[in-house]
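Trainee: Can you keep this structure in mind? I'll have questions shortly.
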């Protein structure tokens with residue numbers, strides 16, 4: 001036979017569990033709803049994976065028309081997320097490389113070489129094998145990124 005206290009603890013436990021589940025669902029939905037249609041939310045940022053192709057400069061311009069930049073890759077989790085969602089196509093990212101193998105992101109930050117970069121051309125893209133460079137006039141899809149405010 002269950003005492004009043006046991007019933008009370010069970011009811012409180014069920015209510016707390018229900019509230020936690022509701023909060024998790026709401027936070028997940030809110031984070032995604034802060035991103036525009038066709039954009040994907042991850043780590044307080046929204047990402048757009050283009051369906052069309054363009055050279056690096058036109059890709060950068062297309063992102064700017066959406067109040068975004070070609071994506072910057074801040075950490076390995078972000079790199080893994082981008083590689084997972086880009087499917088099999090190569091996508092331009094917001095990194096330009098100089099002849100001396102130094103790189104600069106579109107926000108002005110220096111490329112810290114936190115991940116490998118194949119190739120010796122001027123503009124960076126993401127492939128199935130990671131990051132690489134190509135001639136900037138090559139047509140590729142692109143990835144835009146903007147922060148959630």
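Each Cβ is built from the backbone N, Cα and C atoms, and glycine gets one as well.
Source: prediction; values computed, not measured.
Per Swiss-Prot, disulfide bond is recorded for 35-46, 63-144, 123-136. Swiss-Prot lists 42-145 with the feature domain 'C-type lectin'. For 57, 62, 100, the entry in Swiss-Prot reads N-linked glycosylation site, with the evidence type sequence analysis. What Swiss-Prot lists as topological domain 'Cytoplasmic' is 1-7. Swiss-Prot lists 26-149 with the feature topological domain 'Extracellular'. The annotation transmembrane segment is assigned in Swiss-Prot to 8-25 on the grounds of sequence analysis.
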Trainee: What whole-number Å value do you get for the CA-CA distance of residue 123 (disulfide bond) and residue 35 (disulfide bond)?
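Mentor: One finds 27 Å between the Cα atoms of these residues.
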Trainee: Spatially, which candidate from the recorded positions 35, 57, 62, 100, 136 is nearest to residue 144 (disulfide bond), comparing Cα atoms?
Mentor: 62
Trainee: Write down the Cα-Cα distance for residue 100 (N-linked glycosylation site) and residue 57 (N-linked glycosylation site), rounded and given in Å.
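Mentor: About 21 Å separate the Cα atoms of these two residues.
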Trainee: Averaged across the topological domain 'Cytoplasmic' (1-7), what pLDDT does the model get? Just tell me the whole number, please.
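Mentor: Across the residues of the topological domain 'Cytoplasmic' (1-7) the model's pLDDT averages 61 on the 0 to 100 scale.
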Trainee: How big is the gap, in Å, between the Cα of residue 35 (disulfide bond) and that of residue 136 (disulfide bond), rounded to a whole number?
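Mentor: It is 29 Å, counting Cα to Cα.
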